[in-house]
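Undergrad: Quick paste of what TrEMBL says about this protein:
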- 25-46: transmembrane segment (TRANSMEM)
- 39-289: domain 'G-protein coupled receptors family 1 profile' (DOMAIN)
- 58-80: transmembrane segment (TRANSMEM)
- 100-119: transmembrane segment (TRANSMEM)
- 140-160: transmembrane segment (TRANSMEM)
- 196-220: transmembrane segment (TRANSMEM)
- 241-259: transmembrane segment (TRANSMEM)
- 271-291: transmembrane segment (TRANSMEM)
């Protein structure tokens, strides 16, 4: 490429290595993807049909499962196709813009929703008598709508700013998707100021949604410790355990990936962190919210029994 033209398509390097390694990775990630789709679809279906799960917590969980399906579907099929190709995979400039925007928008929506879920658990544990008054259907719908709108609207400028640069150094992205850090490395322009603004926005979104989670769980833990009986403490904590586990895994991986002053970080570092966000976390979501939640386990068991009875009949 010459110094005056900008890339109109990009080559995704993906996972370098032998064809045997790529075939193994394809089988592994394809398995993860199928389990993610089926597991989260099962959660959505169970919550939709079981009347015991018609509460704000499970309403939010339905949307969280939808977001997990979306975030892995935005990334993984492209990654799998790249592992099958003998050469390097190409993606158009438009495709790159769409993929990056959807990935960031869905991720931001998820952070916002996780913060709202933490507040929901705070009200359930610390103010149970007023729970049904505070967490009404109207409130829950409003929270979800605001989360989705904020997620998508807040990422318009960052993506627009990223693609205002001229990508004339190369069109090779050392990643399995259109990673912003890799895109900025290809720019011939000075990206330092934009990277700093993007860093501040990442801090605002991630830390901003993490703050209500930390505050809520501080009060939750304090309230639980005041419960005199051990069985009461276990029951109270069981209502929060799934969400807390997911928060630790989700925020932990994203803090490593996005909250750093320099967007253009080592490719291997970005690849591993991106796998945690787009593959591992969505894969674990169904297990976290079923194995650590008694109500979901009961509903799932009843659903399996009903299916068995229908098959016998």
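Heads up, the Cβ atoms here are built off N, Cα and C, so glycines get one too.
Help me picture these features in the structure, burial and contacts included.
TA: Through the fold, the transmembrane segment (25-46) approaches residues 15, 53, 61-62, 65-66, 68-69, 72-73, 76-77, 79-80, 83-84, 279-280, 282-283, 285-287, 289-290, 296, 299-300, 303 of its own chain, all at least 6 residues removed from its boundaries and within a Cβ separation under 8 Å.
Within the model, the domain 'G-protein coupled receptors family 1 profile' (39-289) shows a mean pLDDT value of 87, rounded to a whole number.
Outside the transmembrane segment (58-80), and at least 6 residues removed from its termini, the chain residues within Cβ reach (under 8 Å) are 12, 14, 26, 29-30, 32-33, 36-37, 40-41, 43-44, 47-48, 89, 91, 99, 102-103, 106-107, 109-110, 113-114, 116-117, 120, 140, 143-144, 147, 176-177, 246, 274, 277-279, 281-283, 285-286, 289, 296.
Outside the transmembrane segment (100-119) by six or more residues, the chain places 57, 60-61, 63-64, 67-68, 70-71, 74-75, 143-144, 146-148, 150-152, 154-156, 158-159, 162, 177-180, 183, 205-206, 208-213, 216-217, 243, 246-247, 250-251, 254, 277-278 with a CB less than 8 A from a CB of the stretch.
Within the chain carrying the transmembrane segment (140-160), a Cβ under 8 angstroms from the stretch's Cβ atoms is held by residues 56, 59-60, 63, 97, 100-101, 104-113, 116, 180, 198, 201, 205, all 6 or more beyond its ends.
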